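A.B. asks: Quick one: the structure is below, and I'll ask about it shortly.
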Amino acid sequence: MSDPNNYKATGVQTPTAPPCSVDTESQTPATGGTQTQTQTQNPPVAGTGVGRFIERWKREDMLKKGCFGLRCIALLFSLFAFIIMASNKHGDWRDFDKYDEYRYLLAIAILSTLYTILLVLIQVYQLSTNKEIFSRKNSAFLDFFGDQLMAYLLLSAASSAVPLTNRMRENNDNIFTDSSASAIGMEFVAFLAMAVSAIVSGYKLSKQTYL
């Protein structure tokens, strides 16, 4: 064995162990991988809120367009019922204005036509300009109760004219009774459109979070 004192005497430096180097490169990917995994598991809250807002906006836009289409259908068939019944005058007993049921049906057809024209014009303005005439709260209430009332009136008018028309057609099936039956059928279709619109309006009203 060699004596350490001999190294000092001869001027040769004593050998020392090389310093241990820290492998920092191997640790960096692990840290970066942990950060990436953390970001993947915890998505940003702002992105989730924006997604919900866009989804809600699309749903509201679809409901608006659905109500618009239903009211256009109600307008069309109410107008047809009004025109058919107003022109149902063929002399003697075959005049609609001699029967209370037919006068009531005509009055409701006119009222439904005016109501749906007003709503369609309002919705056309809102869809084209993206501006609200009324506040959302007031608009939801007006749509729901207005559609419900008009649907009830349409059903009431059509139902009241059915028995009279059936009695007439048992003895005399002619152009007068056919026109009356056509007007009643048009009013029933208008009622169905307004009833579905009232359901959609009720759904929109139930989803108002600020009420």
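Note: Cβ is positioned from N, Cα and C throughout, glycine not excepted.
Any TrEMBL annotation is an automated prediction that lacks curation.
According to TrEMBL, the compositional bias 'Polar residues' annotation covers 1-15. Residues or ranges marked as region 'Disordered' by TrEMBL: 1-48. Annotation comment: TrEMBL describes 27-41 as compositional bias 'Low complexity'. Annotated domain 'Casparian strip membrane protein' per TrEMBL: 64-193, in sequence order. Under the heading transmembrane segment, TrEMBL lists 68-86, 106-128, 140-162, 182-203.
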A.B. asks: Which one of these stretches, 106-128, 140-162, 182-203, has the most C-beta pairs shorter than 8 Å to the transmembrane segment (68-86)?
C.D. replies: 182-203
A.B. asks: Quick test of the contact rule: Cβ under 8 Å, at least six residues beyond the ends. What residues does that give for the transmembrane segment (140-162)?
C.D. replies: 67, 74, 78, 101-102, 104-105, 107-109, 111-112, 115-116, 119, 134, 180, 183-184, 187-188, 190-191, 194-195, 197-198, 201-202, 204-205, 208
A.B. asks: Same-chain Cβ contacts of the transmembrane segment (106-128) under 8 Å, 6 or more residues past its ends?
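C.D. replies: Same-chain contacts beyond the flanks: 64-65, 67-68, 71-72, 74-75, 78-79, 81-82, 85-86, 96, 143, 146, 150, 153-154, 156-157, 183, 186-187, 190, 194.
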